[in-house]
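Asks: I'd like to ask some things about the structure below.
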Amino acid sequence: MLTPDQATKLSENEDVVSVFESRMNRLHTTNSWKFLGIDSIPQYNKLPKDIQSDVIIGVIDSGVWPESQSYNDYGLGPVPARFKGECVSGQNFTRYNCNRKLIGARYYSKGFEAVNGPLESFKQTFFRSARDSEGHGTHTSSIIVGSKVSNVSLYGLGSGTARGGVPSARLSVYKPCWFDECTDADILAAFSDAIHDGVDIISLSLGQGPPQQIYFEDAMAIGSFHAFQKGIVVSASAGNSFFAETATNVAPWILTVGASTVDREFPSYLLLGNLKQLKAFGVNTKPDQGKQYSLISGGDAAASRIPSRNASFCKKNTLDSNSIKGRIVVCILEELSDDRYEKLTAVEEGGGVGMILVDPLAKYILRQSVIQSVLIGEAEAEELHKYMKTEKNPTARIYLTVTNVGIKPAPAMGVFSSKGPNVITPDIIKPDITAPGVNILAAWSPVSTARTAGININYNILSGTSMSCPHVSAVVALLKSVHPYWSPAAIKSAIMTTATNTDNTQNFIRNDDSTNATPFDYGSGHINPAAAIDPGLIYDYGTNNLIDFLCSYGASVAQLKNLTGTPVYCKNPPTPSYNFNYPSIGVANMSRKLSVYRTVTYVGEGPTVYYSKLEAITGVRTSVYPNVLRFSKSGEKLTYRIDFVPYKSSNGSFEFGSLTWRNDVHLVRSPIAVNVISV
């Protein structure tokens, strides 16, 4: 703990790499692997088990519930000899909680307690160890490495076999997060240990709220840069902040993940007294009484001296129990961050038999409740209010929740998924990729009841970029198994350039609210594991390229030292930022004709020819030279140039296109985003 004056004085010491304030970060809060076609990848499935199980994934999160069946180590061989980590003992956790799947576990609390005081002062359930009391870390890690567990569901919903993307991989957990929050200081300590322990991949389902900090003062950016230098791929969630320019973890050495739907949903239909059926969402699994109940809005059931508007939010002590007894209460949100469980409790304690909550996140929040409850979107809310206004005695019936598979269109972007453009280095399109992150069933900590209406469960359904990130981490593990010597940049390129930008109706991916989506929503597209294994071409880069890129944005020697730990200097003049060899192509400030260069490495077999196809960009004429790439052998590198000639300003917004290289087998696609500021 330092005062500002002490921090300044310490930073002047030449032996100190950097000094910056430790900020707080938040956790970014099954069928998905079938949707991704993970079992139909011959290059991976034909690998010997010892090669498949040699990949080690480090998960920085809220810990692990080691007794979950998702961590059973049946069929796994000895722990890889190169692993240097350990199973740190602590409260309700010993080295015997680790096995041949869960091979390492550490925890960090000094940074958190320096800011917030002792963990005990929170008066909440926790374990001073790597044991997970919140469920988040168990959920994310089991998405990656979970062993196959049959007959898993949430109260019968999503029933089937739960599994991770790479059940044969090894897991090492690092717990810097307590009560959903994690400090920079603890996160950097976790990064340091994970790198030392010898993990191949770091999965990071957490981050700061927007706005994104500059990379030189951001723990995730600094930690992941050091990981990149050691050949470790870092996959991180983009965040759940809804709006443009809110994506976090956007450094170009991080694989940044947005969240999208799968072809499964859990509707709980609402039948109105006029026989109109509305689509709603919830977890209603108790025997259906088949009864219609009287409806009342929270605003019409205000307790004494409570304004109608306040009562409409259905918060504690705002509802009149005589008015809501035996009725279904219609509630609204005051803020998106409202506690939904508090509203349920208020209705239940007042004698209500059910709750209908108008919530733009309706399909993304599934929680069991003591009384019947559903969430509805804005369109359904309009129908409901219209009915309640015209009907003297409105009634409704809440049906049991069902599992629907084969939903179209899918994927669609979750409305909550944080979006670009990148506010720090706008020539880098972020997020990089999207993956399943809506209503994902995975393992859970049975003592965590904050998201389960006070009910103990072993598996839970959650939504968020926290869920999509581990899907990508698992695909990285697949690639690492098949291509153990590929660089982090090569693996990232393979995932990005093979992604799909269409859904299961063969139309372009849209947002879940039916608005058009762009690369600032989904990056290069939806992850395609089978194609990523064999990408054809890759865009590679190393640490020196990253330094050149940061120099192009005016990084100082002191800032670069914060990141690298050693003095480095910029060449003069620096390479233009848009010429950084990234798999996507961005030009954030275009005012004249310019050329963008990229170098691709051929990773196929035998001679081949790739042909280019440019998707038109509004207001810009484009051409590529050469428009044909001829490779004679694997490992060969060729450079191409794209010429941009702007003829119309884009009025402060980006326009999009793409470049695809195609041979007889492969499609290698790069999205393009340009902002023409003047012509």
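Heads up, the Cβ atoms here are built off N, Cα and C, so glycines get one too.
Pasting the relevant annotations from TrEMBL:
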- Asp61: active site, charge relay system (ACT_SITE)
- His136: active site, charge relay system (ACT_SITE)
- Ser466: active site, charge relay system (ACT_SITE)
- 53-505: domain 'Peptidase S8/S53' (DOMAIN)
- 579-674: domain 'Subtilisin-like protease fibronectin type-III' (DOMAIN)
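Describe each of these features in terms of where it is and what it packs against.
Replies: Every protein chain considered, the tally of other Cβ atoms within 10 Å of the Cβ of Asp61 (active site, charge relay system) stands at 28.
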Asks: Write down the Cα-Cα distance for His136 (active site, charge relay system) and Ser466 (active site, charge relay system), rounded and given in Å.
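Replies: The separation of the Cα atoms works out to 8 Å.
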Asks: Determine, to the nearest whole angstrom, how far the Cα atom of His136 (active site, charge relay system) is from the Cα atom of Asp61 (active site, charge relay system).
Replies: 7
Asks: Averaged over the whole of the domain 'Subtilisin-like protease fibronectin type-III' (579-674), what is the pLDDT?
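Replies: Result for the domain 'Subtilisin-like protease fibronectin type-III' (579-674): average pLDDT 95.
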